[in-house]
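Quick look at what Swiss-Prot lists:
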- A33, G34, H35, D53, F80, D101, Q108: S-adenosyl-L-methionine binding site (BINDING)
Amino acid sequence: MNFNHEPVMIEKTIELLKPESAQVIVDGTMGGAGHSLRIINSLPPEGILVGIDQDPDAYEAGKSLLEAYGNKAKVFNDNFVNIKHICERIGIHYVDGILLDLGVSSYQLDNKDRGFTYQENAPLDMRMDKSQKITASEVVNTYSEQKLAEIIREYGEEKWAQRIAQFIVQARQDQEINTTQELVKVIKAAIPKGARKSGPHPAKRTFQALRIHVNGELDSLRTAIQEGIRLLRGKGRFVVITFHSLEDRIVKQEFKKLAQTCVCPTKLPICQCKGEATVKLLTKKPLLPSQGEIEINPRARSAKLRAVERLGSNN
């Protein structure tokens, strides 16, 4: 299995995580171990890497690459939403760094059998974790027109969402939509020809929306940030790399909330809540990949990196 996932902004990530002085760092999106290998090779002799990935293929690929490190690497086939529980299961109550790289890997995109890509014909699946019951095919063939439109509009930010949902419901009355290219055909028919002449592939936003919904990605991200912050030791760092505006908005909002001191209503002249910030923002604006990195790895183009540092002492 060639699970190729070129690690994005790896130098900036390592600089922020500071693994050389860490006891424990968690890579919540281990994948092909691109970031994990760099982290584990930078850890001190007693340092531990905890690698997590919900995709069984990604887990196996990462595990095989990290096996040589013995007990220095603890790897789990699980969702990063369970980050705190996973660490506590192995007796780790605090960590020094957490990384979430939310990009879909080249392997997942290029392996047509996974159903993530609109470039190849494949079963309409899109599950990161094959044990999940719901597939993209089930969503497309059973959800109401209104529900489909909401998903495509909210998670795909697609202005033709209502029309695409309408065309999907019409098409499935004649025959179930079970493959990626069957869905692409319906989407292309729904979007007016003039609107398809520029911009990304006409199916890109709808496929993104279905993938996010099928895998519960945004809810998992929000929960993982909240749980991960509780796990961080004082001065520990949380780095998140996102690849679309919905993810970035959630990370920005969650980090901003955690960095707030006073949460009193603005009409109060004096703070009554005595609130204290939980984190310090390390990136007031997101860091972006260099042009050189984008030329080497075009999929890095949309990446944005945000990071915070845990304040105080929780251990």
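Glycine is no exception: its Cβ is also placed from the backbone N, Cα and C atoms.
A map of Swiss-Prot features onto the structure.
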residue: A33; record: S-adenosyl-L-methionine binding site; CB count, 10 Å: 26
residue: G34; record: S-adenosyl-L-methionine binding site; CB count, 10 Å: 22
residue: H35; record: S-adenosyl-L-methionine binding site; CB count, 10 Å: 27
residue: D53; record: S-adenosyl-L-methionine binding site; CB count, 10 Å: 30
residue: F80; record: S-adenosyl-L-methionine binding site; CB count, 10 Å: 26
residue: D101; record: S-adenosyl-L-methionine binding site; CB count, 10 Å: 25
Report task. Based on DSSP, name the secondary structure state of A33 (S-adenosyl-L-methionine binding site): helix, strand or coil. Result -> coil
Report summary line: DSSP output for D53 (S-adenosyl-L-methionine binding site) maps to coil
